[in-house]
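Trainee: If you scroll down you'll find the structure; I have some questions about it.
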């Protein structure tokens, strides 16, 4: 094409220069000025890498003054174009705009504009864009979206709770699984789902100070959620950046003490518009009707302002009824306002639990039982389901399951309370107790005797506590530097045990930090044993370092010496040997100690070693725990109740361990009480809750579905293709691990999630669980999501040209592959992607408008095509521009039908699902007061907004490929 002064051209290789103007032409060269950057370029006339910019009727163009015009006619005179049309701002028609006055900052965003302007992408980028659209759409439609990306084992009961709660609007629930069943992971899964779907954006986690760092690391390592830890220092810093310091971060962790200490700080927390509040160790919030604690009041105030609340707590039996009611009251004060009424309700759950047990047993039901079930469910037309459940047909089992679901929906706190027990969850190790009876040294005997004389006025409780720790009595008289460890037989036994088990990791727990520090020194100096220490005097980072050193396999510490605080919230299930150097004062603390090793996922039986001194409170307590409560070898939900009931007698025996008369009877009575309470707990409400929380076959099927997805080879192929195109180096390290590092030729200079030093990744869940240094890559990992965003939010791969070598077709035959996207714009919290994620519609048109896409599959077709360089491609486009325009118009005429079908299907699905959920909850509202009014209102509002957004759904051309047939 001849060059003329004033013509507008665009550079094929430097499209960022914008629109160029021909300012000089001679026999061999042409000079273009690019006004938007002020740069000149000199090109050879014969084969210059530039493309003539020509607009067509229907296009919208912008003048250098900023006003826009819809083109209706194009005139050419002496090689220069004049566009005639209607101005969009004044609606003036017949306006002429010469091409020299076009806006130089012109950006070609439509695929066809980019193609005609010579902005042609590599063929592999077009293929990647289509795959990104296709896979992205498929992932949004997965029923377990949000549950696959976490680095956790696929444990059915955890997945069941997360799947149920994570999909709710502003969930307000109590997670009260027994110790070791993974409440933190359940909470993380719920957060991950809510954040990924857009249901929540701002999250506040409040935990005891000792657990802050653990939550921070756990959320990042397992769920790729980067929380900010707020303490006094961080809060003061953030005050310089915003009126409300908490507005500076979306995801925040702080301690309960930090939140409670300052009135202004609590007000700032309440005003920060969180979507979700998570409170760990919620059983520490003390409440009574007359005097709730300040901690309880602080959380109560926050819970009034935050729509979604997750409370993590000990089991209801351990708490006692009043304390349990107090947690539920935080979640829904309107529903749980009267403690006496709550107690009465709980008594009425026995018949429901019996009915559920009856259905699950599979026995034939009598007419009376059928009538009772009908009355309990209170639904019309329930008769056929009852008959099916009582028949021998194939549908009997599913009918019984449906009736169980209905019963649980309608009765009790199953919507707000989740509680799994070890009885209902398989996969726990055995616990084996080894008691080591040791003689009481004369030094201790003397100290105890003197202490008894001098402390005669002490209360029985104080004397009992003293008698548990004889080394402290000795130090009271001999001074803090008294070397009790030189004669205490427990120390000698511990050193012998550790030296004979050098290959074993051993957790040693004692009540006081001073004991742990003194033991570390003795072990190091006498036997060269590597021991890490973990106590309340250390900073969080120091504790983390100690825990990490203990976790290291080859060069790590053999022993971790913990004070009592070390047994709250920290998990060391890679170890299976525990030594209790002394015993805690109550059964809850004992269970907490053992719970650090006894967790789901523990591979070995747990060996619990208790060296104790005879004729001390230790010898009394070891018998009471083991023979009276069976608390060492099994979890003991009855412990707190029995402890409270025999407290005074037990204290007297502990204070005077020599006086054992009647102690055998006490143990016998406690054991009988324990067995009776245990039997009682296994009936009634607990059974109902357990069935609901566990999820049964449904939860198992969910875990299996996700496991199948873990083997998705499409992800690996797509990820490697994505990394190649972004410019990320990949180095296979074996053992299913790959090291990714940035290259010098990245699509973007800083890719989110990829550090300068690189990262190690794996696509294998088992490898990710074993290797903390490897990131677990799934469709939900930020690296993949950021990659999808990078490709799909820009124009990468949106226009390309390929050659098809096929002698069955005439040379020069044109095909145009069009990728349309059908989508609806809506706020993220509506979660419209459940029904209509941005969905690609592929068309492959010839010049007559025949759509060959159904006959010619994308990947097969893509392998038959050859790439064209950009310069040759521009020439081809110019030669067939009018034909391509005509095919595009045929495509526009055809897409409407396909797009409308997708939109209608999405509307029907949304209407059906959201209306069904609303109807179900409205029906249940009549019989189950645990359904909140605001939840019903939110679902109805959500349904209306979703339907309105789907009514506004549309489609657009996202990418196109021009294919030219050749025989060479």
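Sequential numbering from 1, following the chain as shown.
Heads up, the Cβ atoms here are built off N, Cα and C, so glycines get one too.
Summarising the annotation, Swiss-Prot assigns domain 'Helicase ATP-binding' to 164-334 and lists sequence analysis as the type of evidence. What Swiss-Prot lists as ATP binding site is 177, 178, 179, 180, 181, 182, 183, 184. Sequence annotations record features per position, and here Swiss-Prot assigns motif 'DEAH box' to 280-283. Sequence annotations record features per position, and here Swiss-Prot assigns domain 'Helicase C-terminal' to 490-662 based on sequence analysis.
Locate each feature and note its surroundings.
Mentor: Residues within less than 8 Å, Cβ to Cβ, of residue 182 (ATP binding site) and separated from it by at least 6 positions along the same chain comprise 152, 155, 158, 599, 600.
DSSP states for the motif 'DEAH box' (280-283), grouped as helix (H, G, I), strand (E, B) and coil, give 2 helix, 0 strand, 2 coil.
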Trainee: For the binding-site residues 179, 181, work out the Cβ neighbour count at 10 Å and name the residue with the minimum.
Mentor: 179
Trainee: Just how many other Cβ atoms lie inside 10 Å of the Cβ on residue 183 (ATP binding site)?
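Mentor: The answer is 24 other Cβ atoms.
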Trainee: Drop a 10 Å sphere on every Cβ of the binding-site residues 177, 178 and tell me which sphere holds the fewest other Cβ atoms.
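Mentor: Per-residue Cβ counts within 10 Å for the binding-site residues 177, 178 bottom out at 178.
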Trainee: In sequence order, what residues of the same chain, 6+ apart, have a Cβ less than 8 Å from the Cβ of residue 180 (ATP binding site)?
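Mentor: Result: 422, 428, 595, 598, 599, 600.
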Trainee: Setting 177, 178, 179, 180, 181, 182, 183, 184 aside, what same-chain residues sit with their Cβ within 8 Å of the center of the Cβ atoms that define the ATP site, listed in sequence order?
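Mentor: Residues close to the ATP site, other than 177, 178, 179, 180, 181, 182, 183, 184: 420, 599, 600.
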Trainee: Can you check which residues sit near residue 184 (ATP binding site), meaning Cβ under 8 Å from its Cβ, same chain, 6 or more apart in sequence, and list them in order?
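Mentor: The answer is 215, 218, 280, 312.
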